[in-house]
Amino acid sequence: MLAARNPVSLHHRIVAGGQRRRCVGGSERNRGRTQGRHFTQALESLWRHSPRIHPPSAAAAAAGGGANPSWQPPVLENAAFEEYYKVQQIVRKEEWDAFMSVLRKPLPATFRINASCQFYKDICSKLENDFRRSLESEVSNEYGEDAIRPLPWYPGNLAWHLNFSRKELRKNLALESFHEFLKHESDVGNITRQEAVSMVPPLFLNVQPDHHILDLCAAPGSKTFQLLEMIHQSKESGLLPGGLVMANDINVQRCDLLIHNTKRMCTANLIVTNHEAQNFPNCSLAKDYSEVYKDTCKLQRLEFDRVLCDVPCSGDGTIRKGHDMWRKWNSGMGNQLHLLQVNIAMRGIALLKVGGRMVYSTCSMNPVENEAVVAELLRRSGNSVELLDVSCELPELVRRPGLSTWKVKDGGSWFQTHDDVPHDRKTVVLPSMFPSSDITEESHAGCGDFEMKTDNRSSFSRNCNVEETRKNNHDMDGVSIGSTKNLDCTSNIMNSKFPLHRCMRIVPHDQNSGAFFIAVLHKLAPLNGSQIQGTKIQHTLGKDRIEQLHKEPQPEARPYETILTRQHNNVLEVDDDAELLGRRHNLNMDNGTSKDKNSTEVEMVFNDVESGREESGDRMKKLQKQSRWKGVDPVLFFKDEVVIKSIRSFFGIKESFSLEGHLVTRSTDNARRMYYISKSVKEIVELNEQVGEQLKIASLGVKMFERHRSKDGCSCAYRLSYEGLSLLLPYISKRILYASPVDFHRLLQYRTINFAHFVDSRFGEEAASLMPGCCVVVLVEGHKNADSILKDPMTIAIVCWRGKGTMNVMVSPPDRKDLLERMAYRFGIKASTEEDEKFYPKVNGFDQGS
């Protein structure tokens, strides 16, 4: 889901999804992604011809005495928007004015605390005891008594609500120190500033530490970060969780943003990929599902326990923070995204394990993007998927049931069924957009209809039950809908047969938030071809060419897959046979994924598993040093035993911490950086190698070691990275120094200190006696023994470099600032005086590859 994260990001994401894929080569840009291009062009055309209203620049404001007389505030009106949602009956008629009034108010700022971070308790204490009290006294008259408070529905009081917007937070002088606190804690990953309703979908996934989780449309990464928090929060000290998060996004630039934001987590349990969500690769070695469980020691199929499907949407639920939406909005935006949303969600279901849970969500209020998509998923999936009733989960969250009926607008016309749509518009206005569960010949192939069991419809929230919502959906009395065409308000209303009341809608005026839609799906059985889209796959390739490819040698760049060239005259049809499910060498029409967006669990096989293993040793060695993805560095296991043994010996890393097989590099010639990956990530990387590198991996793991450039005579070519120190610290037995709070504080403040200038002379002597190279300095509190200090997750430690006559800190400025504030909070140590500044001069320019 896109627009909830950035008011203008929908435009950029859709453009990127259609044509602008710069990093994967020109051939990929010309693959004819007609679906993405069509809605991209439509939205571009729609938005391009509407003039933007820009606020006055600072210079213009200053020149004009603080105001530009020609500038007018944005108009928070859109007649089409009001007409559309009155007809859809999103809220009762008596609520309409309150609903619209809240939409025109600024969105309150909210943030979430990272409960897995080292200083979680300090942050909670500072919020409760310092900021909450001071803000109540300073701004209570302006923003109310509860100017800052925990969100009641978020577990553990980890999410906080502010009665002021982000803009007010930046400009109000009384809030300046609090604003600086939020910025700093966000920079180092201790908190995440995120819209409240955006925090909801991951909570309904019921994540456990051993779960494999897929975030299909992940950028910019706030929900991904939230999922990582969940798998790390309950892990044992010194151990990695058994699960992982795979975060995917279609756009390269947004993947970079995703990597930047999740890097703050410093986790070995993350993989970032760059694929179209609806075409996410199906990496499999198993012939069928029964083989997945035969060899429990080896991963056979890429599947996930949980899938978050937060799809691209029109984003009108974010209208409170994106005022441009008032001008840009039109009903066609949701119609154009509907099919893409269905295809992405179907791909998510296909990648979900049997027994797993998937959350489908949007930040849109449009039923065509919400209930209509969920109904289509249930139609296509048949008895393989059920829509869960989660009304008992998060009882404090105010939510409303999903709609059972809605209408579709195309241009100026309203339609209640697909039969009412003019013939020339039936390919644009699809059957799946309507609430009726009747399947026509024009509906998607393989969408089997089935009887849905009904159950007692209990209350879905604290203040809104199903019967009330049913009344909302049908009672249009007194609601002005303006002038419409082809809308007969007295005709029979089509209701969906699916239990869409189990979906949830969050509307802004219920709890002063944005709007959101969430549906929770449970996979009961594997999908089959007839449940996805038809029982046959069509590939534009002649049979003669297939036979020829059997005889040709495998291309060098793709040893484990068959490359098929396209011909437009002949069509090969392949039955959806059980032997074709999950085979290792599958037909890849789009860089490792089937071009048919819905044939997600059906693969074609033209060669046996061993047929691609005839390459010579030289060829295989060459393949190991290149990626099949243009513009993306390969993922290579670091296997130099001599170097690994040297690192283990230099830092005294215990054998219980496995380095072998867990270190990877992205460099083909010189392993400048080595990243540590968890066992779960390692298994997926190995599977990806075996299936021909179908996953386009943009980032993975946590940076653990980095080659240094020092000429001090260090016997080890690599130094530790601060990012991976917390993971490695309990297992290090050498190169460790223990500093008092005063000396530790001064190290952080000045970065470089001469051995003779430490307050504790013994610490200075120990530092001087250490051989040159990387070391770890640990803060000592009280009289704890060394072993207990290293195993304590609250222990504060930093990476340093023992130079010729100085100790040099190798920690980034934001992290140093964070540690200094922790020490000031814990020990009351203040910044040094000007005299100290002269005595301990700051040394700039020291760099060992950080």
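Our numbering is plain: 1 for the first residue shown, then up by one each step along the chain.
Backbone N, Cα and C atoms are what each Cβ position is placed from, and that goes for glycine too.
If you look up TrEMBL, you'll see 99-524 marked as domain 'SAM-dependent MTase RsmB/NOP-type'.
The S-adenosyl-L-methionine binding site annotation in TrEMBL covers Cys217, Ala218, Ala219, Pro220, Gly221, Ser222, Lys223, Asp249, Asp310. Around Gly221 (S-adenosyl-L-methionine binding site), the same-chain residues six or more apart in sequence whose CB sits under 8 Å from its CB are Ala247, Leu257, Leu258, Asn261, Thr262, listed in sequence order.
According to TrEMBL, the feature active site, nucleophile maps to Cys363.
The Cβ of Cys217 has fewer other Cβ atoms within 10 Å than any other of the recorded positions Cys217, Ala219, Cys363. In sequence order, the binding-site residues near Cys363 (active site, nucleophile) (Cα within 10 Å of its Cα) are Asp310, drawn from Cys217, Ala219, Asp310. In sequence order, Ser198, Met199, Pro201, Pro202, Asp215, Leu308, Asp310 are the residues near Lys223 (S-adenosyl-L-methionine binding site), counting only same-chain partners six or more apart with C-beta under 8 A. Here the domain 'SAM-dependent MTase RsmB/NOP-type' (99-524) returns a mean pLDDT of 83 for the predicted model.
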